[in-house]
Amino acid sequence: NGTKENLSRALWGWLGLTFVVVLAMSGWLKWQVEAVEKWRLAELLWLYGLRLVLMAMLVLPWMQYQLHSQTGSARYPQFYLRLWHNVLTLFIVLVANGLFWLVLLLWSALFRLVGIRFFSTLFFETEAFIYVTIGLITALAVILARTQSRLVAAVQKLLTLIATGLLPVVSLLALLFIVTLPFTGLEAISARVSAAGLLSTLTLMLLLLVAIVNEPQKRVLPYPRVLRGMISASLCVAPIYMLLAGWALWVRIQQYGWTPDRLYGALTASVLLVWSFGYLIGLLRRGRDPGEWQGKVILSVSLLTLVILLLLASPVLDVWRISVNSHMARYHSGKITADQISLYMLDHSGKPGQEALKSLRDDEAFTQNRKRNRKLMTFLQRNKVSPTADDLARVVMIAPGSQKPDAAFWAFVKEQSYTDDSCLEPDACVLVSQDLNGDGQPEQVLYNFIVAESQVYGLKEGKWTQKAFARLPDGFSKTQLLHAIAGHQLDSAPKAWRDIIVDGKRLDVDYYNE
């Protein structure tokens, strides 16, 4: 009874700790994505979910060891077996869900052939059905994996045999490439954008295959002496690969600063460097059990990875903040010009990026260029609360001598234009009535000086439609427009290139650069 109470207390302790950690991570993510557009949230939530799955795979073996292992039993053999079992359970869950949803897809498609859309709506548009079905299939797959332990062990054995065949090939590749480098030079590595990623992938494959093949109960790798020597040699050069990857990554950081991808790459390279040096130390410790040392290395690497994943979901390793600060520091120090600022990167960097965009709005050196300012305002307006039709009617200036449009016009502008938000800025927009087709009915031309363009609207069968748009010249301002109107210098000109008429039918011709 005492043992059961202790296990129950430990289980609830682990669950409570997990709840607190996930709650804190979710709260931090929610705060970060408040400034992110809704259509991008799905991608961020998927990445967050994948991170949670990876963290679960790393922390579950530790929980299971504490809850189910006997006192004094070796930790690494239990960690190895439970990690294998958990990974294969996840694989079975994914396969089961994938096959089941393929059947439902076929089911709905067959009934759509005869005009019945009920099943398509039920399976793929009803959220309650989707959540319940995924949960049910996942639970059944987990039960299957837990009850059919021999089947899972057979799959593990099969994958271990495959890894046993791949390890010598990957080791040979690692040795051949390191021998080639002195003849090709390191400049080729630094010149490649993907160099660090390729070197890290090779090292990760090598280390993972060694961890899989070198099972805890085995004293030596199951190969002839020559192959064991080749694998040991490849493990000796693995740290060199990670040092080269780190160097290539650092060259890019010095050239272009930090980005989320480079930060992830640096953290991955750090973990692999620790892992590879751990294996190297194990090879140098002659006369001692290498399996025991490998267990310590892998357990340490798993904890290090778990800590890094936790820090990435906290303010400590906020990839958006680090990237934005690096980018803006390079701009303020003169390493990059205003034209080299990546507004796209800032817009995709959550709250830190939005704060940086707002700071650029007050930067005279940046906003003095009309084109740059137009792009900046486009990014800033995306994240503002959209104005109502009444707001536009109240704020937009009607040019002297122009007609005041009805409420339907403002409602149409609100629905059609993606730049109408900027009209709320002071002196941003002016509405001018001007007949542009000679039919005696003036069109409404909305000049937007923030985005440097004008939209032409006209009536067709009693309804407002958008007729055309035009780019405004650099530096063209509200003052210049009003001065032209006051001086009767606002006019229109017929186009030199004409449409084609064939047998009384008019062909609308769009001329290039005309």
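Glycine is treated like the rest: Cβ placed from N, Cα and C.
Pulled from TrEMBL:
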- 12-33: transmembrane segment (TRANSMEM)
- 45-63: transmembrane segment (TRANSMEM)
- 83-108: transmembrane segment (TRANSMEM)
- 128-146: transmembrane segment (TRANSMEM)
- 158-181: transmembrane segment (TRANSMEM)
- 193-214: transmembrane segment (TRANSMEM)
- 226-251: transmembrane segment (TRANSMEM)
- 263-285: transmembrane segment (TRANSMEM)
- 297-317: transmembrane segment (TRANSMEM)
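Residues 53, 57, 60-61, 119-120, 123-124, 133-134, 137-138, 140-142, 144-146, 149, 152, 155-156 of the same chain, all 6+ positions outside the transmembrane segment (83-108), place their C-beta atoms under 8 angstroms from a C-beta of that stretch.
Remote same-chain partners of the transmembrane segment (226-251), defined as residues 6 or more beyond its termini with a Cβ less than 8 Å from a stretch Cβ, comprise 167-168, 170-172, 174-175, 178, 186, 189-190, 192, 195-196, 199-200, 202-203, 206-207, 210, 220, 262, 265-266, 269-270, 272-273, 276-277, 279-280, 283. Here the transmembrane segment (297-317) has Cβ contacts under 8 Å with residues 21, 24-25, 28-29, 48, 51, 54-55, 58-59, 61, 75-76, 79-80, 211, 263, 267, 271, 274-275, 278-279, 282 of the same chain, all six or more residues outside its ends. Sequence-distant contacts of the transmembrane segment (263-285) (same chain, six or more residues past either end, CB-CB distance under 8 Å): 196-197, 200, 203-204, 207, 210, 232, 235-236, 238-239, 241-243, 245-246, 249, 253, 293-294, 296-298, 300-301, 304-305, 308, 312, 317, 319, 322-323. Within its own chain, the transmembrane segment (45-63) is flanked in space by residues 14, 18, 22, 25, 29, 78-79, 82-83, 86-87, 90, 302, 305-306, 309-310, 312-313, which lie at least six positions past its ends and keep a Cβ under 8 Å from the stretch.
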